[in-house]
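What follows is one structure encoded as structure tokens, with my remarks underneath.
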Ligand code: TRP
């Protein structure tokens, strides 16, 4: 401590461990015994001392005044931190004074390190309205002005750190991460903040583990087991050296590898972990380091410290013990186990990085900034122009009696630039958010070096804060490839995510999009339906126009066409043969005129099959059914006529019957025309009322549009078919009656047979027609037309042609009449 006109306090965790004194409230508790000297915190304390000395010497700030300081040890423990705070208020000799009267005017406190300690220190100082500036407490909880009105800090609030961390995780596609934290306010609030930031980002936390405050190996091994067995390869740690050191020791003993650590600012630049043995396990660690800066003269100042120079300072003793493992003057520390003596002149080398790391001071630099912030506030306070002051009636503070709350006012207003960096506090006491992104890489000696690979500048626009030089990064396992840490690999386009029941959102299955739906991005949540007339491609990634299908001039169309034309030609050929042999008995005996008619209409029947092939248009649709039905009616009417004639001819042989008179050629024609006319009328009514028209059928198939003819009126369609069926049945029945009638060439047999075939074809057509899809409906119809036409052609004309062409000797009247009984 050093006296001065204005005194500031400093609280540092000079030891990282303490023995709890026995407190039973029956006697005065013994002084706290701290052990485990922390050279790093000692450096921070020295930085404070140096800054104060420099300020006093230079005289630029606070001329004619001196700054004093009091530094206390918190032993990195909240309760001891509170003792330190009270000691700062009282002065060191409180034990000897009957009352706390020796208190010197304390204006501000620099401290504490850990947030948990800062909370108690702030609460202890609050009643006295003494402002404090923390150099390392980043917990977001401390930004609550109603609870901690006297709290300022020169380290960014953790809200920014967790935001940056969430961005980092997203940037590297780490969607499945574990979180390990220490059991303190810092760990708790940082974890909560991280979970808040990760909500809705698609990053899930696989596990959250807490290292207990009182380190416990069994619990640590449990945590390590969780880390080993989890598929999350990335682990975020909010913890400090205190608990990380034993934890990492156990971690290394368990020989777990392949973990990518993401470090919080509290341990990312901890020099304890720089030794080479850590590299295999911790190399590649990435994290957020607080801003660094240069403190002029720090290096020399630290090097000047040695036990010879400060023989009575127990801290320097402990520093030597910690750095060299020897005791310069054993008499000063009798309680500690005996260490080999040493001269105290040993040179402090750079390898004592815990103490000597001055190349990139971060927390040390924060201490420096805090001292300057206070000094500048004091300076502004003292150089207040009377009458323009900020206090009641524009008064200024009285330089002989400065109150801490007045300092707080100026602290809140302070806005100075130190080495190009602005120091100021927002209304919550927070400073400007800025982090270096630090990557742990292998140094020349196999040790770990902290390489800055980017920055997070919270003052930039959202989304632009994080700037990383990717090429500089070395990942865990000494790789240049980013570690993959996902619960489920992402879904390709054409698939969508299906969340697994009871598991976090990051764990999902990929299911292919249903037909007609697509997803064109990776990791789609849903498949989109294609617009009308479009359908998904096989991969489910694109909507493509549906194929328009109709029976066209493809293989099937052409085959049917050929068959139809062949049929027509064959019929024409038969007609030719009959015409040529029209004088022969076999043609004449069987009513040649009707035969010619039948052949003609059969030719038309074959030809009307052609109308069914090709793209349906309104004309072809109308033509299709009408042409087909009329030609078929004509054909069957002719056959019916013939049957009637046969029937009449034989029944007429009975005496007294005059039936043949009624069935002369005129009457025959009349019957034929009448029968056909009925069909013509039905068709005319159909065409007028509800004509068939082409439609696009999108229902039958999802993936294609079928261009087909709608019949317009189902009733008309089935009437037309029914009428043909009726004629055919009538014909069949009559022919059946006449089949047994005598005559060597009784046509009735053949007509019966042909009608049987005809009916069979059309009856089997109905189910086939109703059930066959798309263009096959049309094909089935054509097939039925062709089959029935061929049936008629062969049954009725093949036997006659056989006789005419191959057995002309049978083609005589005698022969034909021969067997007539
Ligand atoms: N930023 C941490 C905090 O606010 C740094 C820290 C210092 C720390 N000492 C600690 C964290 C001890 C946990 C334990 O607390």
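The backbone N, Cα and C atoms fix where each Cβ goes, and this holds for glycine too.
Checked against TrEMBL, the range among 530-554, 555-579 recorded as transmembrane segment is 555-579. Of the candidate ranges 489-509, 594-614, TrEMBL annotates residues 594-614 with the feature transmembrane segment. Contacts between the transmembrane segment (750-770) and the transmembrane segment (670-695): absent, as fewer than 3 C-beta pairs lie under 8 angstroms at sequence separation of six or more.
If you look at the transmembrane segment (782-805) against the transmembrane segment (670-695), you find fewer than three C-beta pairs under 8 angstroms, all six or more positions apart, and that falls short of contact. Where the transmembrane segment (670-695) meets the stretches 555-579, 594-614, 626-650, 715-738, the count of C-beta pairs under 8 angstroms peaks at 626-650. Here the transmembrane segment (626-650) has Cβ contacts under 8 Å with residues 590-591, 594-595, 597-598, 601-602, 604-605, 608-609, 611-612, 659-660, 662-663, 668, 671-672, 675-676, 678-680, 682-683, 686-687, 720-721, 723-724, 727-728, 730-731, 734-735, 737-738, 741-743, 746-748, 751, 754-755, 758, 785, 788, 792, 796 of the same chain, all six or more residues outside its ends.
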